[in-house]
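J.: Just dropping this structure here.
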Amino acid sequence: MAIEKVAMIGAGAMGGGMTLLMAENGISVSIQDPSSKTVDALIKSAEEQGIHSKLSKYENYKDLCASLGSPKVIFFSLPHGTVGDTVVEGLYKYLDKGDVIVDCSNEEWGNTQRRQGKLVAQGVYYIGCGVSGGYQAARRGPSMCPGGQEAALDIMMPLFEKMAAKATDGTPCVAKIGMGGAGHYVKMIHNGIEHGMMSCISEAWEIMNKHMGMKYDDIGKVFEKWSAEGELKNTFLVKIGAEICEQKDKSGHHVLGDVQDKVVQDIDGSEGTGIWSNTQATSLHVPAPTLSTAHYLRIVSAFRGQRKHVAETFHGSFLPQKFSFSSASEQDAFIEDLRLAVYSTCLAAYVQGISIIDVADKQNKWCIDFENIVKIWRAGCIIQADHISSLLAAIFHPTSTSPHKNHNLLYEPTIVADLKKGFESLKRVVAKGVQENCVVPSMSATLEWLKYSGNLELPTQFYEAELDYFGKHMYDSKKLDGKTDSEESLPETGKRHFEWKPA
């Protein structure tokens, strides 16, 4: 079925961009937004681009739905949370069996599944479709991550493929992800990975700027080189990092120099995915420290007033120290270490994110297609990283001989080889950072994660003994009490208790 007309509820940056994208592709779009001025501005922009004949403005849901054919296709681009519930409630009496709602918001996956459950009795489909790439990609072609009922996805895939960004081989960066809230869940974890990647790239920028004394333009040239070759080739966040470092305003000053060091999206309620992804990692018992520490950095950065007070209390105890190098070649070698440390941290973020998705998939029975995840995490995607994509594509390809039934990428020789290659560089960067008061949370967390993930002699031996001492929590004997260590075995309460001190 060719879809020729849709509705868009929410005409902000993302919804507006997708509206113009669909209009450019010959789709008529009926628009509704609480702000009449926002819709008017969007239509004016469409006029300037010669596509305004495809747009129509509507003030209420009744008229909006009446403007559509059958089945009705309605896109959402809304703030997460109760707003979506209110809109669904308002639309409810105008919807018929076979109609499709496509929620392109950064919605919490639990809300998506609840709405799917509400609408299924009415025969209305609800697709949770994560959209990645920011407002610019929404206009020119985003990465799209749809999840829901197979019948609904079949209806929408031709339009999604028309809208989505195209990879270098010409294939669209959209694919069926899985059932239920799988689409929004995978997009949520995408954003968690994104935060880990942004953190380590920002940490590298600060090392070069604050500790090595490099100018913005010089750092931009480093990022350009990283983005042009090697493991970080065509990594979107590194590529735009070069542009950010080199961008100047009309007066000739670097725009970056005027940017305050705080991220507030987690605090002001506009962004929830970072919180949800870390909550999921914890509740599903998946170690994801690269993602978690990146989130903690974002949180503390938002409260600049508190940081100012703490800095005054500590009397400048943590001031950054300048690096010293004996030669230009030694500095170049450190920058190469920094490149590999950034790559290792980005790869670790991917590994941790895939592990969270895997556990959630098994728990929710979504039947997530991991090969399709790799397809959407390419062009138009914030975490686009060509080398990592090529590694994952080989692992998750149907003809792959890899066992990967647990999707634990630390079992994969190609992933392990790259992490081993970067390990010493990561150590040197973190060690230098500790010595000179660098802020390197994501890189240092990644280093520790690598150290303890495959270590059979952890300090938790002593930890377990203390738990048994004061709490009688029991422990396993090193003789294993008849148990055998295997990847399939689930953690169980130990069988031994020692009366360390009589009660």
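Glycine is treated like the rest: Cβ placed from N, Cα and C.
Automated prediction, rather than curation, is the source of TrEMBL annotations.
Per TrEMBL, the feature domain '6-phosphogluconate dehydrogenase C-terminal' maps to 183-501. Positions annotated as active site, proton acceptor by TrEMBL: K187. What TrEMBL lists as active site, proton donor is E194. Among the features that TrEMBL reports, region 'Disordered' is placed at 479-503. Per TrEMBL, the feature compositional bias 'Basic and acidic residues' maps to 493-503.
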J.: So which of the active-site residues is most packed in, judged by how many other Cβ atoms lie within 10 Å of its Cβ, out of K187, E194?
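T.: Most Cβ neighbours within 10 Å: K187.
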J.: When the pLDDT values for the domain '6-phosphogluconate dehydrogenase C-terminal' (183-501) are averaged, what is the result?
T.: 93
J.: From the Cα of E194 (active site, proton donor) across to the Cα of the residue listed as 'active site, proton acceptor', what is the distance in angstrom?
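T.: Here the two Cα atoms lie 10 Å apart.
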J.: DSSP says what for the compositional bias 'Basic and acidic residues' (493-503): how many helix, strand, coil residues?
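T.: DSSP classes over the compositional bias 'Basic and acidic residues' (493-503) add up to 0 helix, 1 strand, 10 coil.
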